[in-house]
Amino acid sequence: MRAIIIGIGQCGGKIADIFSLVDFEAIAINTSRGDLEYLKHIPQDKRILIGESIVGGKGVNANPVLGREAMKRDLPMVMKKINSMVGYEDVDIFFLTFGFGGGTGAGGTPVLAEALKEEYPDSLVVAIGALPLKEEGIRPTINAAITIDKLSKVVDSIIAIDNNKLKESDEDISQAYERINYTIVERIASLLALIDVPGEQTLDASDLKFVLRAMGSFATVGYAKADAEKVKSLSRLIIRSFENEGLYLDVSLESALYGLVAIHGPPEVLKAKDIFEALNELTQRIRGKQIFRGFYPDPRERSVEVVTLLSGIYESKSIEDIILTAKKYAREFMKAKEEGEAKKRELLSGLPDFDDVYSGEESEG
């Protein structure tokens, strides 16, 4: 299976950079020259500066309108670089990594996603977006809500990562984001690494594409891992991967249409009874009742790893909270703006023009 990672903006570029570290094809797009220079693993010729004529390489200061315009203006250059990267070999999935709360990512990702769908109709376009932390304030929340709306109309799936679930209580924001970015890559890379790999029951690219072709709805990744010697109940470990503690987004499991589960570990631990017991529970709980599964016994392994992908999700408390907060703020902002404009008009009404005050006076000198 061939996947290309495209990082848009600061957050997306950092995530794509980690994907590049673990040997994925990756490219970074940004309005900030400094952010592109900060990257460590993506080759220089795979770093694209956009919007230079608009912001001069200094970024868009979390303004998605500028991010959108930068992507639109330089879209031919971006697509030319991507086309060169694709070459003559088909791409199964384009993963667009970005931060929902930023400017370049939030504004530019929907523009690029639409262009990719038109240029590569047989490839999936999947957004991987990090939801803003609550500590970041209202502006990132507004950006996230609007971007969710726009992306849902153009991508196949949105894998949303709720940073509030992954952040540890004693971390500051910068520490949290660095660890979260590595966590995102580790989990998704673990899943992709098992596609088209021989196993007792295998997952292939068509399985993954079927699950992710979900009409712009949400998807989430679940994960559970334990030392093989400490696994007393394999079924419980598998169930943990798709329950709230293992998922990256607060979702209603019952609203999911599709599921995909990959299990990797020593053969003596991967007992069929435990596996099917857990998968039967997942099948009963999700609305779509369709589960794709892969079992990968490996005598070299000393741990058991379970990666779960749920898609076709339309109910998520994480998403609902962001959208409701954004709507509330938008109403309050528009009301305050209208009241302010009304007070300004009232205050300034009745003032004369210069011509009224100075009419008839002769100029001196």
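Cβ atoms here come from the backbone N, Cα and C positions, even for glycine.
As recorded in Swiss-Prot, the features of this protein are as follows:
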- Gln10, Cys11, Gly12, Gly13, Lys14, Gly103, Thr104, Gly105, Glu136, Asn163, Asn181: GTP binding site (BINDING)
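Shown on the structure are the features that Swiss-Prot records.
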| residue | record | CB count, 10 Å |
| --- | --- | --- |
| Gln10 | GTP binding site | 25 |
| Gly12 | GTP binding site | 32 |
| Lys14 | GTP binding site | 23 |
| Thr104 | GTP binding site | 34 |
| Glu136 | GTP binding site | 17 |
| Asn181 | GTP binding site | 24 |
*State the three-class DSSP label for Gln10 (GTP binding site), counting H, G and I as helix, E and B as strand, and everything else as coil.*
helix
*Would you give the longest CA-CA distance, in whole angstrom, between residues of Gln10, Cys11, Gly12, Gly13, Lys14, Gly103, Thr104, Gly105, Glu136, Asn163, Asn181, the set recorded as binding GTP?*
19
